[in-house]
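Now, the feature entries from Swiss-Prot:
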- G329, P330, N331, T332, G333, G334, K335, T336: ATP binding site (BINDING)
- 611-639: region 'Disordered' (REGION)
- 623-639: compositional bias 'Basic and acidic residues' (COMPBIAS)
- 717-792: domain 'Smr' (DOMAIN)
Amino acid sequence: MDERTLRTLEFAKIKEMLAERTATSLGREVVESLAPATDFLEVQHRQAETSEARRLYEGGHAIPLGGLHDLRAHVQRAVRGGVLDPGDLLDVADTAASSRRLKRFLEEQEGLPILTALSRMLGTFHHLEAEIRQAVDEHGEVRDDASPALAEIRRSMRILQNRMKERLDAFVRGSAAKYLQDPIVTIREGRFVVPVKIEYRAQVPGIVHDQSASGSTLFIEPMAIVEMNNDLRELALKEHEEVERILARLSSLVAGEADALLDTLQAVAQIDFASAKGKLSLDLDCTEPELVREPILEIHKGRHPLLKGRVVPIDVHIGITFDTLVITGPNTGGKTVALKTMGLFVLMAQAGLHLPAGHGTRVGVFQQVFVDIGDEQSIEQSLSTFSGHMTNIIRILDALEGPALVLLDELGAGTDPTEGAALAMSILEHLHKRGAKTVATTHYSELKTYAYTRSRVENASVEFDVETLRPTFRLLIGVPGSSNAFEISRRLGLSPHIVDRARQFLTQEQERVEDLIQGIHATRAELEKERAEAHRLRAEAQRMREEYERRYGDAQRKAAETVEKARAQAQQILATARREAEAVIAELKQALREQREAERMQAIQSARSRLARARQAVEPTEEEQRARRRGEVPRGLKPGDKVRVVSLDTTGYVLSEPDADGNVLVQAGILKMTVSLTDLERASEEQPAAGAGGPARMRTHGKGLAVSKAREMSPEVDLRGLMVEEALERVDKFLDDAVLAGLPQVRIIHGKGTGALRKAVTEALRHDRRVESYRLGGVGEGGDGVTVAKLRE
């Protein structure tokens, strides 16, 4: 990417914002080397990485990057055979622990393929960390127990030091006290000494190690402890040698993990960089741009990331319906800001950064981005000479190769307007032929006409409010800019006579074009008002529709709840009836064990008839259901009318007039219920109501009960796989149904197996009064796996 472009568009300031959000020096190095990529897949990967980091922070998950150090120098020194000091080793241990914590955090996340892949490069280093922490404490000092030898040496040193202190304490408190400057013991050159007044040098035999700045005090090692000091010095040398040996061993362990440590540092740098990108995206309220392979740029509500305070967002595009955009308008109206925003957005997107813009923003991957904006100054200063502009444009034309975005500020300015406009049109035409996407700002009215007469060239302008005499900073695509000089002068107080006279100096063509442009601006302003009103009305209509849908949904839910409640009540009644019937049957079974077989069969038949009647009260027949579906929505219902309850699929009679809420009381069999008119249909008179003519219908059904039962019932029951108790219960019910169905004989399949089930069935049949006889199955009947029972008539 062109270095001058990066400098002019202030890409370095974006990198500074990124660097402020890194947690390690490793991450900052990645930021410093950041440059826009020109490979589509690489840009896509960078954007996805930023989105993953942003999602973590959006979810309240901060990436744990604390405790990580740049160990590259430490590792290199260890690899060369150098010895790391305890502080360096402590950095290694801290980084190992932090790497492990970071790895675990990323592995626990879902939907982050790029960051998860980076986490696989992070080492754990359990053994290395344990070895270092066993030898080095949290203050960066080698522990006494780092080795048995070191522990013994330091123990001996403490004993010797205590003995020396005791002897020196006795010395300074004894007869020699009067010779001392102060009654203290201090250390010089690693040896214990006492401060002796210089005039008493001869009275204190010993070795002089130092003298005070004033010369009045000598620091003397008394002869009584010289030997002990010598012993202490020897122990100190041994301590140093043992510490060096320990540090060398730990350094060799670091060297052994060199490759893994360097891979970890590389992953840490990239993760820290991704974290910074995610933070910046959140802080600037950015969105991930949609990447496209075509060299286009489409910005929705884009905000220049370096501008402070309230920024008016811009909407602009190029490369879709046109390839050259000519922006006109007043100074300080935002033309240069628009140029810089477009260029910087492309650089940021190709560097993998999200953009401070709205959803729908699309960016293609440009191989080159060129700018000619002022004298490479900031947004607030964009003036330059004609020669400076032209020199840079020549450089751009010479370097132009692949798909490029070219941004030209005040094209052709700084020279004769006629020649400058001609040059500007020629340059734009040349760039268009070379396939570049070009955005140029200008004051020349000739370029407005040029844009209207060329294909894939479009006008744009920055809006100016003549009422307030201030620019609005809005960029209007398709509308050429107007100087507004006459109107502004009039509003500022210039004599109308002078303004009118000035208009006379314009050529007829110039005046016609200026009037046309002002008319376009007026029409656009009116259309903007109408569009705003239409948007307001559409929003109001949408709100009303949502309110209606909400109320309709509430009504639907209430109706469904009512239907469900009624259905539950019906099911409860049916369940109660079934329980009562089963209770009667159970009682009859118990009683009939002591009664004659005929009486027992009659009681069972009676009980099942009761069950059938209860079922018919709440469950309509198939014929009734078909009849009910022929009903119509009722009008003018009155008590006694026959109706169908749609939600329950049952019929009944109206018992009351509709109330204020449109509900009536309906009798359906044994069930009385309040039903909405919207849930009713008028039933035909031929269609029997639930509970109406019940006995007759029961008799009609009863006539064919045995025949129907016999026709539908299987003459065999399969007990295989059942426990004995469960099997006997099924046999008992099966025999009841078989007797009711009038079956002459039945087959009971129990399988061969161990024979336990067959024995239990045989024993039950032996004592059952419904069974006349029984036998094992014959050839073709299942053999010993089947028992055939003949029932009493």
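Glycine residues also receive a Cβ, built from the backbone N, Cα and C atoms like all the rest.
The model shown is predicted, which means the values in this text are computed figures rather than measured ones.
When Cβ atoms from all protein chains are considered, those within 10 Å of G329 (ATP binding site) total 27, not counting its own. Long-range neighbours of K335 (ATP binding site) (same chain, six or more residues apart, CB within less than 8 Å of its CB): I327, T328, G329, D409, T441, V462. Per DSSP, the secondary structure of the domain 'Smr' (717-792) breaks down as 32 helix, 19 strand, 25 coil.
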